[in-house]
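Input: a single structure, listed below in structure tokens.
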Amino acid sequence: MPPGNSPVTNPQSNDIRCNVNGANGISAKCGLKAGDQVTIEMHQQIGDRSCTNEGIGGAHWGPVLAYLSKVDDASTADGSSGWFKIYQNSWAKYPTGDGSADWWGTKDMNFCCGKLTFNIPTNIPSGDYLLRAEAIALHAAGALPPNGAQFYMSCYQLTITGGSGSIPSTVNFPGAYADTDPGIFINIYQTLSTYIAPGPTVIAGGATKSPNVLTWSGNCAATSTVIGGTNPTTVATTTAATTTRTSSTTTTRTTTGATTRTSSTTTTRTTTTASTTTRTTTTSAGSGTCTVAKYGQCGGIGFTGCTACASGSTCTVLNDYYSQCT
């Protein structure tokens, strides 16, 4: 179990596979059929599935991705096997403003109550898999790791039936992401003309979605584009919370028993090193003033929200555009 809801900040560590302590599975597995629709939920705090709170708060904009890894036994797999990408919701240009004003996968997720929904491809063989769902926050990505992009992921233990075909080419974690990948080392506070999500391309039979949700619960069921195929017509309903081994991320489908093996909660904590230039301002809650919870945004160019951090935290400048209560 991860020690908290902090991000993984080093994409070259084994934690990038399934989060901290993610190598340890449990006995339960979620049974799915190829083509089933899966909904992943990501929330900031343990036990908080409220739609009034953003799934990943503090202007943590970036892509959301999903991978599968074929394994002999999902309950004992440690994430060291090969992975292939089955879903991607990354970036789309907004008509005005810099990259922080653009559409991002995490904005879609926030407007949809922390949920991202996609289908299991039909053209993969039956068997046990790990499902890795990930959100990447780029608010500090103008610096190199470990002081830049922040990675939030969970792995889920699946047994998939009714599949066909062969395993596509795979990548390994660590190894799939380089520190200087353009989708990881990027300043989103400039005008963007393109964005390349990290990792491999989505496999044939997987799906991509262009982020475009503008209001709470608006357009959340928008159809993704299936690569090299047609969209399944079956829509599964969300009926049960899952058995979890960590904090606040859940997987739901039409049956019970989904199992998650790590945390993908999204509130962040910044660790600074000697090479990182930081400026801190100690603030405390004052009478009649609004305050920012720990790990929330408290400043930056163009920021108009609360600047006073909750008692016990300070406002740390990560870059000219983003300051965070730590």
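The backbone N, Cα and C atoms fix where each Cβ goes, glycine too.
Annotated features, as they stand in TrEMBL:
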DOMAIN    290-326  domain 'CBM1'
REGION    238-281  region 'Disordered'
Integer average pLDDT (0 to 100) for the domain 'CBM1' (290-326) = 77
Note = Summed over the domain 'CBM1' (290-326), the DSSP helix, strand and coil counts are 0 helix, 15 strand, 22 coil
